[in-house]
Amino acid sequence: MMSVIEAWFMDESSSDQRLPHRLEPNQPVSLQELQKIGVFYWKLNADIYESDPELQKIREDRGYSYMDIITIHPDKLPNYEDKLKMFYEEHLHLDDEIRYILEGRAYFDVRDQNDRWIRIAMTKGDLITLPAGIYHRFTLDETNYTKAMRLFVGEPVWKAYNRPADEFEIRQKYVQSLKCR
């Protein structure tokens, strides 16, 4: 089931990262625009994630063999403040980042082909894939809570490479792929 995810270009404010940071006037970003930079999205029924045939099909089709669940909240995540700072540091991964929001809300920020920040609002039932090599960051909204499934092809790789990381082959491949889209 495809649905519309809410995304927009961000302002340059350095105030609280958990605020929406919309431009005035708001400049929305469509799902098609996200797909052009390699970001893919599904809307699923998070209430049945343990037995959801649609999630199973996505996992099988895309080879997501590993899964775990993380709860991000001051009472649930050790070193919460440090972890949130680390997640919000601009970085890339050598593998796709796949996240499925089971409860709560959060934001993924991604850089577009012109290096502008796009904020993607994630809510319950949202599954997103960020391509390997894209600069991005993650934060919660003002509710300070999300429970998310993390999916991987094979063994999980948690290593993040903070910007600048343009020397990585995966970054160069990603930038090249933008020219071909």
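Placed from the backbone N, Cα and C atoms, the Cβ positions cover glycine too.
Database features (TrEMBL):
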BINDING   His91, His93, Glu97, His136  Fe(2+) binding site
BINDING   His91, His93, Glu97, His136  Ni(2+) binding site
Inside 8 A of the center formed by the CB atoms of His91, His93, Glu97, His136, which other residues of the chain have their CB, for the recorded Ni(2+) site?
Leu92, Leu130, Ile134, Tyr135, Arg137, Ala160
Non-local Cβ contacts of His136 (Fe(2+) binding site) (under 8 Å, 6 or more apart, same chain)?
Glu90, His91, Leu92, Glu97, Phe108, Asp109, Val110, Arg111, Leu130
Under a criterion of Cβ-Cβ distance under 8 Å and sequence separation of at least 6, what residues of the same chain contact His93 (Fe(2+) binding site)?
Leu130, Ala132, Gly133, Val157, Lys159, Ala160, Tyr161
